[in-house]
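*Asks:* Handing you a structure now.
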Amino acid sequence: MSYVEQLINKAAKIKANEIRAVLVSFAFIFSILAAYYIIRSVRDGMSSDWSDAELSTIWTFTFFISFLVVSFYGFICSKIRFKYLVPGVYGFFALSFVLLFLLINFFPELNLINQIFYVWVSVFSLLNISVFWSFMADTYNKEQAKRLFGFIASGSSLGAIFGPTISLLFASRLGSDSLVLISAVMLIIPLMIAIYLNKIKATDLDNSSSSDFNQNEMSGNFWDGFAELLKPPLAKNILLGIGIFIVLYSGLSTFVYFAIKNILTDVDQDTRTQIWAGIDLAVNVLAVVTAMFGTSRLAKRFGLSVTLSLVPAIIIVGMFVLALSPILWVVVGLQVVRRAGEYAITKPAREMLFTLVDREARFKAKSVIDVVVYRAGDIFWAWGFTGLTQVLGLGLGAIASIGGFIAILWTALALRLGRAFDAEVTE
């Protein structure tokens, strides 16, 4: 074993025969996150071309199309082995983005193409990571996963920083539409890696068959997840509480997103792309730093009630500051703090709540909460924001005040859910 191999083994508990597979898996998730974040800022920059009602309509279409695509993907998964499915998925998305790049360039004035692109990037974001981790679970066995997935997952953090950096540097030099082509080319990397991993997993990982991650199927169907959310007594239903928590978070997320979109209406597309890319870059760097040095310490020292309610409490202050000073950089700062706090603190804390329910209820309800409840919340609040601006004629300051009261409800619910978890742990 070379010195480098010894160093890697000591730092990340990677055995010599696993190094090649782990490094290409690291490159796999790095490339898909980088590809996504390159086009994410392009997508978000387009939103300022549309009114609140138009964007709300696009979000509504996105919800139903995403639901259909995810359902179809689930059906395909039962018919085709991951060995063939995964390269096909990334190859398909790569080709689709090349096609969209050509359409955007050939028909630059056709607004429908931009709207299709916006919806398609949102659909891609749903499948992007899900397909990767399903493939990883099929590549590594359970013992290997416990040792190696933490190191592999760190590639996503670097990809999430690299992607917006590319957009920030090249949006004005090459044009936002060129970033779509760059992203499409990057998606060829995971296609080739998936094929390569399938070839070496039997020799490098001693894992020629599918891992036991996917062998324990559960009874019931997708709709059972809704039943779990509505199981009485409702006042003590943790899953229902998590669902409401997600809806309140979605409301604040939507309000801030629409506020930035409206402020950037008179800014050109390339500059908008750079601003959104700058937000993504700041969010991902701050999230990585916070997760490394703060999240675990918060939960251990103060319990889940404080950890889960920390970001909501900060957002209360941020919303009322925005109400007093409704300008771009205040709302951008609020967006950075909100999203970084969600990734590094709130989401990991929220995931802990699922340990309070049994395994079957957890897996049935989680997909419903993460996809249906979350996206339905987006639609509800998008149309709510549209009603406040286009029907009632409220300005950003007044809407931020309403957001402040939503944040108060969010904080109160976070405290209640966190206390339920802390009480269970101390018993």
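Easy rule for this one: first residue shown is 1, then count along the chain.
Glycine is no exception: its Cβ is also placed from the backbone N, Cα and C atoms.
From TrEMBL, here are the annotated features:
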TRANSMEM  21-39  transmembrane segment
TRANSMEM  59-77  transmembrane segment
TRANSMEM  84-104  transmembrane segment
TRANSMEM  116-136  transmembrane segment
TRANSMEM  148-172  transmembrane segment
TRANSMEM  178-197  transmembrane segment
TRANSMEM  238-260  transmembrane segment
TRANSMEM  275-294  transmembrane segment
TRANSMEM  306-332  transmembrane segment
TRANSMEM  391-413  transmembrane segment
*Asks:* Who are the chain neighbours of the transmembrane segment (238-260) in space, where the CB to CB distance is under 8 Å and they lie at least 6 residues beyond its ends?
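*Replies:* Same-chain contacts beyond the flanks: 44, 47, 52, 55, 228-231, 279, 315, 319, 322, 326, 328, 331-332, 334-335, 338, 342, 346, 350, 353-354, 356-357, 361, 365, 369, 373-374, 377-378, 380-382, 384-385, 389, 396, 399-400, 402-403, 406-407, 409-410, 413-414, 416-417, 420.
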*Asks:* Using a cut-off of under 8 Å between C-beta atoms, tell me which stretch among 21-39, 59-77, 116-136, 178-197, 275-294 contacts the transmembrane segment (84-104) the most.
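*Replies:* The stretch I would name here is 178-197.
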*Asks:* Quick test of the contact rule: Cβ under 8 Å, at least six residues beyond the ends. What residues does that give for the transmembrane segment (59-77)?
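*Replies:* For the transmembrane segment (59-77), the far contacts come to 85, 118-119, 122-123, 126-127, 134, 371-372, 375-376, 378-379, 382-383.
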*Asks:* Quick one: do the transmembrane segment (178-197) and the transmembrane segment (306-332) have at least 3 Cβ pairs under 8 Å, skipping pairs fewer than 6 apart in sequence?
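*Replies:* They do not touch: fewer than three Cβ pairs between the two stretches lie under 8 Å.
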*Asks:* List, by number or range, the same-chain residues at least 6 past the transmembrane segment (275-294) whose CB is under 8 A from its CB atoms?
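*Replies:* Residues 37, 40-41, 44-45, 157, 160-161, 163-165, 167-168, 171, 260, 264, 267, 332, 335-337, 339-341, 343-345, 348.
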